[in-house]
Amino acid sequence: MTKRDYQNDTTAESRPTKKSKGEKKVKETKEKKEKKVKSYVQNPSLDTLPQAEIDEFLASNSIKITDTLPDATPLRPIISFSHLPECNSNLYEQLNSFKSPTSIQSATWPLLFGGRDVIGIAETGSGKTLAFGLPCLKKIEDSKKKKSKPYQPMAVIISPTRELAMQIHDQLQKFAGPVGAKVACIFGGVRKDEQREVLKTANIVVATPGRLKDLQNDGSVDLGKVRYLVLDEADRMLDKGFEQDIKDIIQPMPVSKRQTVMFTATWPPVVRELASTFMSSPVTVTIGGDPSADPRANTRIKQVVEVVKPHEKEGRLVQLLKQHQRGAEKVLAFCLYKKEATRIERFLQSRGFKVAGIHGDLSQQERFRSLDAFKTGAATVLVATDVAARGLDIPAVKLVINVTFPLTVEDYVHRIGRTGRAGAEGHAITLFTETDKAQSGALINVLKAAGQEVPEELLKFGGTVKKKQHDAYGAFFKDVDTTKAATKIVFDD
């Protein structure tokens, strides 16, 4: 989208009598999207399913699909891998290790295979990478005859953290071979020369916003041919201040030929505004409850809250590890501050536990080593700050322990979301102290919404929810929906 197109799109309402180029482009784009949906051939085995069975599947998995195109034909969810559209390669072979698609995959795959723009709102650990990854690879397979020039990727996936970017890259690599796709992973802390080399032949670029923008600015990558764009964990990227970087990255990408996918755990006004700016007639797929309401925890996670005194936490942590950890089972222990994480890591090492740490003071190589040790079992306890609370997909985390409660209940939900992933049961234990009582009301709401037991000691702190605060304005802050038109105010003479 060029700067001029963007301006035309945002000012279209002010000039209703004359259609701008921007308006025409949006109209053309919608027509193209509708045409693409018609090109999606639904697997015949889906046609034979009774509508009642489809309705039951959507209801039982709390799937809500909202289409901005009123005349669009509803597409049936892909309930089984056997319902996937035909493929000329062995792209689907790796799926044999999975039992069935997750809810977000079932609901979004037909839409994404059909070329629609999609907003996916779902909890972490719900299988989002394959939800957007499989249609991306199918798109590359279908366009094999078109030769791409060096440094011109067909697909770009933007992620908030290097750890998540690496995770997405690794998972896509497993499926990329059969279609001959090359996947590059781009993030800061690595020499640009090495990254320029892999960008030369990459069909798919998985990147963090800052480094991708740097390489874009110095001419190392041309995004003018991107046909598939994914913004993964969009809410997290905006929280980290990447909004302008994202806009700059998207600016040279084609409008009418680009399919845009956005995945997010929450749906605040700032994310809605970004979606309305860059997406064309998107379909919104929501898994679970109202995403604009209070944060909701994964109901498969058993949440236990223990109210303790601050000086009791270290001793209780050791007791919990001895009680719940067996053999090489993985445990994530979250701390609030970097120095606290370092202290807890050393404390557990002195007690004979195999421990690794990950926090902001560590170099990139040190983080990689810690994560690798945890994944391979060389370390069975990972002590982390919130830098690791979102985006990391470490299989089979047995238990999450919150040594110190985070600053917000949203961070609490993201922390405990490291367990109970991909349909598995999870377990999270939180050590809550009087110094955390400002968060007691919000925590009680999360526990109740997930059907968890609320301890009497926690109820004694009260159920009042602390008023949301802005980083700069504190409590004097109103969460305004910027997508709504401003109210016109007329002053008398």
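The backbone N, Cα and C atoms fix where each Cβ goes, glycine too.
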### Message
I'm validating the feature mapping. Which of 97-105, 214-222, 295-303 is tagged motif 'Q motif' in Swiss-Prot?
### Response
97-105
### Task
Examine the ranges 48-51, 232-235, 432-435 and name the one recorded by Swiss-Prot as motif 'DEAD box'.
232-235
### Summary
Quick note, ALA122 (ATP binding site): same-chain residues at least 6 apart with CB under 8 Å of its CB -> SER103, ILE104, LYS128, PHE263, ALA265, VAL285, THR286, ILE287, GLY288
### Message
With every protein chain in view, what's the tally of Cβ atoms within 10 Å of the Cβ of GLU123 (ATP binding site), excluding that atom itself?
### Response
24
### Message
Using DSSP, what is the helix/strand/coil residue split across the domain 'Helicase C-terminal' (316-462)?
### Response
66 helix, 26 strand, 55 coil
### Task
With DSSP as the yardstick, break the motif 'DEAD box' (232-235) down into helix, strand and coil residue counts.
2 helix, 1 strand, 1 coil
### Message
Need the DSSP three-state call for ALA122 (ATP binding site) to compare against my parser.
### Response
coil
